[in-house]
Structures are given as structure tokens and as C-alpha cells.
Amino acid sequence: MPFAQSLIVLFLAASALSYGGVLATTITAVNNCGTSGPLEFTGTSANGMNLAPAQSSGPIGVPDGWSGRVSLDPSPSTLAEFSIVQNNKNTMDISLVDGFNVALGISYTGGNCIRNGEAAASNVACHISIDQCPASYRQGDRCVNPNKDAQTDYSATVKGICPDAYSWSKDDATSTFTCDVGGDFTVTFCPP
């Protein structure tokens, strides 16, 4: 085989290996809260695991085309939402649409992110607590949104506290972060 063909074969083999290993996306969940809770991690082996205080799920690989949610405790809860390698991009957001239970942060390593067409930080956090929930929306240790499809005093309140988070179902422009393919995410419950 001529030298040039050998180089092409070597390049293609190396590209295939790097895509399968280097570009595989992982998401790690970390519990910095003071209590344990079941981890909701859509379609993965970590779904349902009990995440104790100061415990991590470890990096969980998700395939290209995966869309899902990560939360601590069943819904309604604060959500980290992802779409991995769809239209050659990763997207992430923090959602308070259904309600919330704990503060949450998402960090991204391995690339850049944009929001609404402009450069954005590769990490986003919502430092919200149940004490900030309007009394009429409180149900025990969580805050519940009664009307997900309209702007209400709930959506105005939570958007004021967490301007980067989804506060109702059509709140896309200021809440969705699009990131380069090839990096990894960390979801932190009760971030510092």
C-alpha cells in the first residue's frame, strides 16, 4: 500500500477511535445538599440510585442523540435538562417549569457555550430555596407551578431569582445554552 494511502487509513482509524472515546459525553451528578435523595437520571444506570450528601454518581456516559433530565427527588423538582449531539450541538438548561426543590448548577468542560446567539459562560446556576417560594405554591418541601404554559406570578418570581432558568414552558430565549460537542457536564445539587 502506498505511503499516502497508509496515512489516510491511519487517520480514519484514529478518528474513529477518538470519536468513540474522546468525544463520548458524560454527565456527573453531585449532591452538595444536606440530605439524601433518589437521583432521576433519564434512561441511565444511575436512575433511581440514592445520592447521599457529598456523594457523586461518577461520570455516566450518554449516547449521541440522548435527551433527558437529571434531578434529585421525584418531580416536581429542579431539573437539569440536556440534549446531546443533536444537530451537531449539545444543549443544556435549568428548568423550574414544573416547580423546584433545591438549588442547582450545571458546568460544562471541553468547549464553549452560547445563549441567544451570544457567547455565554460554560456554567450556570440557580441559587433558589424553598423559602423564596410564594406561599400559595408551596407543597411541603417543594414549590409547584400550577400553570406551566403561561407567564404567572410564579414564573415572574422564579425568573427574578434565577434569570438563566426556564420559568415557564415558552421561556426558551434566555434559558437554553448551546455548547460545543465533545465536552462533559457536571450537575451539582446545592452548588456553593
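The count begins at 1 with the first shown residue.
Positions of Cβ are set from backbone N, Cα and C atoms, glycine also.
Note that TrEMBL annotation is computational and uncurated.
The Cβ of CYS179 (disulfide bond) has 25 other Cβ atoms within 10 Å, all protein chains considered. In the three-state DSSP classification, CYS179 (disulfide bond) falls within a strand. TrEMBL lists CYS113-CYS179 (among others) with the feature disulfide bond.
Applying an 8 A CB threshold to same-chain residues 6+ apart, the list for CYS133 (disulfide bond) reads PHE100, ARG142, CYS143, THR157. The feature disulfide bond is assigned by TrEMBL to CYS133-CYS143 (among others).
For 1-24, the entry in TrEMBL reads signal peptide.
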CYS143 (disulfide bond), number of other Cβ atoms within 10 Å: 27
Spatial neighbours, same chain, of CYS113 (disulfide bond) - Cβ under 8 Å, 6+ residues apart: MET92, ALA119, ALA120, ALA121, SER122, PHE177, THR178, CYS179, ASP180
